[in-house]
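Student: One structure, as C-alpha cells, below. Some questions next.
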C-alpha cells in the first residue's frame, strides 16, 4: 500500500490531483484535496507530478 501526505498549507485546491488520479483517490473538501480513497492508490505519482504547489508526497508503506 501507499501513504499519501497532503501539505494543507501548500494546497490551493486547484483539483489537478483529483482530475489526474486514475483511481479517484482524491476529492476536494473545503477547498483542499483530501485522500478519501488512499487504499486505492497505485503509487503512480501522477498527482505529485501535476501538483504545482508541491503539496503531495506518496510513499510506499
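Numbers run from 1 along the shown chain.
Cβ atoms here come from the backbone N, Cα and C positions, even for glycine.
Among the features that Swiss-Prot reports, domain '4Fe-4S ferredoxin-type 1' is placed at 2-31, with the record citing sequence analysis. Residues annotated as [3Fe-4S] cluster binding site in Swiss-Prot, with similarity to another entry given as evidence: 11, 17, 51. What Swiss-Prot records for 21, 41, 44, 47 is [4Fe-4S] cluster binding site, and it gives similarity to another entry as the kind of evidence. According to Swiss-Prot, the feature domain '4Fe-4S ferredoxin-type 2' maps to 32-61.
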Student: Whole-number Å only: compute the distance from the Cα of residue 44 ([4Fe-4S] cluster binding site) to the Cα of residue 17 ([3Fe-4S] cluster binding site).
Tutor: 12
Student: What mean pLDDT does the predicted model reach across the domain '4Fe-4S ferredoxin-type 2' (32-61)?
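Tutor: The answer is 99, the mean pLDDT of the model over that range.
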Student: How big is the Cα-to-Cα gap, in Å, between residue 11 ([3Fe-4S] cluster binding site) and residue 47 ([4Fe-4S] cluster binding site)?
Tutor: 12
Student: Please state whether DSSP places residue 17 ([3Fe-4S] cluster binding site) in a helix, a strand or coil.
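Tutor: Going by the DSSP assignment, residue 17 ([3Fe-4S] cluster binding site) falls within a helical segment, counted as helix.
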Student: Of 11, 44, 47, 51, the binding-site residues given in the record, which has the fewest other CB atoms within 10 A of its CB?
Tutor: 44
Student: To the nearest Å, how far is the Cα of residue 41 ([4Fe-4S] cluster binding site) from the Cα of residue 17 ([3Fe-4S] cluster binding site)?
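Tutor: Rounded to a whole number, the Cα-Cα distance is 12 Å.
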Student: Please work out which residue of 17, 21, 41 has the most C-beta neighbours within 10 angstroms of its C-beta, and give that one of the binding-site residues.
Tutor: 17
Student: Under 8 Å between C-beta atoms and at least six residues away from its ends: which parts of the chain pack against the domain '4Fe-4S ferredoxin-type 1' (2-31)?
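Tutor: Long-range Cβ neighbours of the domain '4Fe-4S ferredoxin-type 1' (2-31): 37-38, 40-44, 46-47, 49-61.
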Student: Could you give the number of helix, strand and coil residues in the domain '4Fe-4S ferredoxin-type 2' (32-61) as assigned by DSSP?
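Tutor: Summed over the domain '4Fe-4S ferredoxin-type 2' (32-61), the classes give 8 helix, 9 strand, 13 coil.
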